[in-house]
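Heads up: the structure comes next, in structure tokens.
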Amino acid sequence: MGSSSFLVLMVSLVLVTLVAVEGVKEGIEKAGVCPADNVRCFKSDPPQCHTDQDCLGERKCCYLHCGFKCVIPVKELEEGGNKDEDVSRPYPEPGWEAKCPGSSSTRCPQK
């Protein structure tokens, strides 16, 4: 095998490797989930991104407010809700209890 054949083989291997690595990069999804979008759109905005890799830093490519944009993701919810914020709890914070009007006690007298 001559040196020119060896050079062609090496260049081909490098190109195939670069293309394969680039394909893998595009499939990588950044951590977190896209924030909820409750906006009703009459017209979509042009996309600012197509994949998470189009966005800088921790930002993800999400459909938000009528178009794809790079936004800061929210934490993923664990099964049963997020430990930091349980929206299913009827009270504003753990340990909160209703107080009787004009009393510091949590027990109200029965009528």
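Here the Cβ of each residue, glycine as well, is placed from N, Cα and C on the backbone.
Per Swiss-Prot, the disulphide partner of Cys66 among Cys34, Cys41, Cys49, Cys100 is Cys41.
For Cys62, the disulfide partner recorded in Swiss-Prot among Cys34, Cys49, Cys100 is Cys34. Here nothing among the disulfide-bonded residues Cys34, Cys41, Cys66 falls inside 10 Å of the CA of Cys49 (disulfide bond).
When the domain 'WAP' (27-74) is classified with DSSP, helix, strand and coil residues number 3 helix, 10 strand, 35 coil. Around Cys70 (disulfide bond), the C-beta neighbours below 8 angstroms that are at least 6 residues distant in the chain are Gln48, Cys49, Asp54, Cys55, Leu56, Arg59, Lys60, Cys61, Cys62.
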